[in-house]
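Please read the structure below before turning to the comments.
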Amino acid sequence: MITPAFELSQDPDFLTVKIRVPYARASEFDIYFEGEDFKFYAKPYFLRQLTLPGRIVEDGREKASYNTDEGTFTIQLPKEVPGQYFEGLDMLTSLLAPKKSRSAKPLVEEMAASAELSEEDEEEFDWEIEQTPYEESTPPLQHPYGFGNLRSGVFQRLQDELSDVIDVKDPDQTPAEERRRKRLAAEAAKFEPDHYLADFFEDEAIKHLLKYKPWWIDAHKKMTALQGESHQEHDSSAFVVFSEEEREQMRKFTNKSYLLDKRSRRHVYLGLIDILLAYCYEICVNEGDKNVESSWNIRKLSATLCWLESFSSIHDVLVSFGRRVLCYPLYRHFELVTRAFSDTVMILQLGKAAVLKCLLDVHKIFRESDPAYILNDLFITDYCIWIQKVKSKKLAALCESLQKATLSKSHVGLELEELEAAAVLVQEEEKALKAAGTVSKQQLLCSESETSDSEESSSTSSSETEGSDSDEQESSTSEDGEINSFQGTLQKERTAPLIDCNGLRQGTSTRAMEVGDGKSEGSLQSSTPPGKLVEELEMQIHSAMRLSEQPEGLATAGCISQEQEENPVPKADRFSEDAAGKGNFLEVSPKPNPLLFVCSTNEDED
């Protein structure tokens, strides 16, 4: 027999059961309902028994219809008490189970479970730490873990998958206190101040992630707005919609009861908060999308899943989650911790339907991750079944206690405030140094501008000086023009060629003239006797050497006439005495002197 897909809904007077039975014969079906029981049969589908949260009656108002296109039966059943609200109609797993077991052994267990549930309903749950006197006891051979600490010995059979799923080594032989000590030491060693400060100061990506709004924010707004208008409580499950895949998964769960004492129930509730916090962080940082890191994020941030931790208070849960967010994932910012905290409060306020939807999503993520499926067997499947039976007032009390809890940076024990203060001081010092560098640059620019101004003023004065020099040069040029005109008159008919330092061309009569500083020093006539001519040449050359100094120390070149060449002067006569009484030897320079030029005289003067 096949258990068909079904869903339940209600209005003030009727309970509606919609059952999907494709390929069934609509002419052959049976329906049975009485009190809180409902049964349906249409071969090959059999809905053995639904245990309803309220009573229904058979009074002639009941109706049934069949849609052949969709293959669905729709059955309307009258409520025994009109207007009564049936709670938990979307908790399909809890509705499928029989109300009581028939065998002897489960009967005892169910009775114990009923006693525990009745005790849980009657007493007010205390969320504070339970203190018990110390008692020495022989430790068990294997330490329990899992949902309600009901499992042990699981990882002895799964040693290969152990390191990929949890961080604690050999959990069966490690007591809870030692797990906690090792967890805190691992978190302290993993914390990286540089990573935290980088996310703290460069938080553009964090701000973008915090803008994301998951589905529970809109559902919470709708619920709050409706409650504000009507001033009364409304069923929060009306704002939570399960997909067909989620309904199918609920039908696949095997319903069972859990025998939990008071301490175990506290561990279960606090573990639920821890798992929801990790799930809210994952949804926020990935903006609702799933990826290969989703499974790792959830199990790594939840100490319940990663270290098999059993918490004793809500504050311990928040501190553990805050430390792990700042040590392990990609985004390590305290604002993400507070965001996950507020999201978890919203989910609990929406009721167990919202909690179940989140747990089903976690179950799917772990189911699709190869090593993490073990955590479904240890925790998530049991949570999905257990939450459907939890009383709404218990979740409301848990939510209220969570709202009263506080978490600050000083609570996580990683010296966050000291790190931030030191980093801010370093930033201020860097800003001061940059400001000082800017001032020095400005001063340097000012000094450069002053220097350029002074250079401009000096260039202006030099230009004026150059102007005066140009005027002087113009005047000297005019004087040179007069000299040149005078030389032109000397040349008259023909000009003799320049004489090199090797001697004069034959057959020419010349007159040598030396010009210094633009003025004529004198002229020699060719009619002068040879001896007299040599002495005068030596005197003129000597005075020209004093007036015009050559930079390379070149000797001033001399000129000799053809007659001197024909009648050489004795060597002793080549010395002349100056005013100081010193003799100067007349040497021939290898290069011509630019200050010397030869002017030929007229034949009449010869």
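Cβ coordinates are placed from backbone N, Cα and C, and glycine is handled just like the others.
Where the annotation comes from TrEMBL, it is an automatic prediction and has not been curated.
Which of 98-138, 221-261, 549-589 counts as region 'Disordered' depends on TrEMBL, and there it is 549-589. Summed and averaged per residue, pLDDT over the domain 'CS' (1-90) gives 87. Counting residues of the domain 'CS' (1-90) by DSSP class, helix then strand then coil, yields 0 helix, 52 strand, 38 coil.
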